[in-house]
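**Q** If you scroll down you'll find the structure; I have some questions about it.
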Amino acid sequence: MKVRHFVIVLLLVSNITLSSGFLDVFVAAASVVYTYFERDDLLLFDSKRLEEDLRENFFGQHIASNVIQRAVSSFMTDSKPNKPLVLSFHGTSGTGKNHAAKIIARNVYKKGEDSKHVHTFISERHFPYKQKSDLYSAQLKQWIHESVSRFPRSMFIFDRMDKMHPQLIYAIKPFLDYNARVDGVSFRKAIFVFLSNAGGDVITGVALDFWREGNIRENLWMDSKELEIKISQNIFNDKNSGFLHSSIIDEHLVDHYIPFLPLELKHVRQCVMVEMVHLNVTQDSDLADEVARDMPYFPKEERIFAVKGCKSVRQKLAQHID
């Protein structure tokens with residue numbers, strides 16, 4: 001319809017008169033061109049490219065890297081998925097949840113996170129007032145529905161999902177279901193990524209116990225300490241979480257609960273090296289080590305995990321350079 005209106009306006013402005021039959025053909029052709037350019041932002045998916053991107057740019061998260069690579073690759077190569085891909089990232093601040101979502105985006109779309117088909121919502125910014133939940137819910141449902149109707153392979157990122165009002169989470173639910181079709185629109189090719197700090201303390205506790213037992217970090221997997229079960233139970237039982245009052249969890253609409261482990265000194269050092277490139281600074285391993293060691297760590301005695309993860313690494317590096 002938008003294409004037809006555009007063409008009619010264009011013809012009026014150009015003072016061109018055409019028969020209705022010719023106009024229909026012209027509109028149909030324009031629609032094909034419009035659709036082509038809409039889809040032109042979609043990359044030909046390459047599982048190996050995603051694997052390499054995760055390996056080279058995603059530090060200290062062997063569990064998340066493995067699950068994301070397999071889940072996204074399986075979904076993107078499935079010509080007839082039976083539901084949208086729904087991933088829920090959990091961990092403390094600075095562990096790479098936003099970064100991982102960006103890696104997925106740049107392996108699906110040519111413009112990555114800047115693609116108009118990637119829609120990011122931050123609970124406190126986009127839905128700040130609880131008393132307006134009815135309005136937010138209606139707007140959110142309309143936005144998701146219209147986005148997918150225009151482009152089935154749309155991606156939606158919800159940051160601070162644990163802080164979202166239950167009514168908003170309930171509004172999202174119909175789009176996540178099996179064979180989801182809402183008002184004639186199929187959502188089976190859409191991607192939903194939830195980012196949350198919920199479960200972060202549980203993940204940290206498991207990682208710390210694992211370290212204290214003398215185990216190698218890379219030997220910790222999803223089934224090692226029943227991580228996925230502990231995460232889902234924790235966020236479901238958290239009275240402060242919007243998940244508690246939603247049916248997303250008990251109806252098993254989330255495909256994967258993915259833990260993001262607290263980062264260690266060596267991982268922060270890797271982040272510093274990457275930031276040197278972004279700031280056009282010659283990579284210096286000694287400087288990277290100095291910056292990494294200047295970050296706060298916990299527990300206080302052992303100093304094992306970075307309190308902020310890799311968050312504020314760029315700012316800390318800038319201070320050292322100055």
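Cβ coordinates come from backbone N, Cα and C, glycine included.
TrEMBL lists Gly91, Thr92, Ser93, Gly94, Thr95, Gly96, Lys97, Asn98 with the feature ATP binding site. TrEMBL lists 263-318 with the feature domain 'Torsin-1A C-terminal'. Here TrEMBL flags 1-21 as signal peptide.
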**Q** Helix, strand, coil residue numbers for the domain 'Torsin-1A C-terminal' (263-318) per DSSP?
**A** 29 helix, 5 strand, 22 coil
**Q** Would you identify which of the binding-site residues Thr92, Ser93, Thr95, Asn98 has the most other C-beta atoms lying within 10 angstroms of its C-beta?
**A** Thr95
**Q** When you tally the Cβ atoms that lie within 10 Å of each candidate's Cβ, which of the binding-site residues (Gly91, Gly94, Gly96) has the highest tally?
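**A** Most Cβ neighbours within 10 Å: Gly91.
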**Q** Restricting to the chain of Lys97 (ATP binding site) and a gap of 6 or more, list residues whose Cβ falls under 8 Å of its Cβ, or answer none.
**A** Phe89, His90, Gly91, Leu195, Ser196, Phe260
**Q** Can you tell me the mean pLDDT for the domain 'Torsin-1A C-terminal' (263-318)?
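**A** Here the mean pLDDT over the domain 'Torsin-1A C-terminal' (263-318) amounts to 95.
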**Q** Around the ATP site formed by Gly91, Thr92, Ser93, Gly94, Thr95, Gly96, Lys97, Asn98, which additional residues qualify by having Cβ within 8 Å of the site's Cβ center?
**A** Phe89, Asn197, Gly200, Phe260, Gly309, Lys311
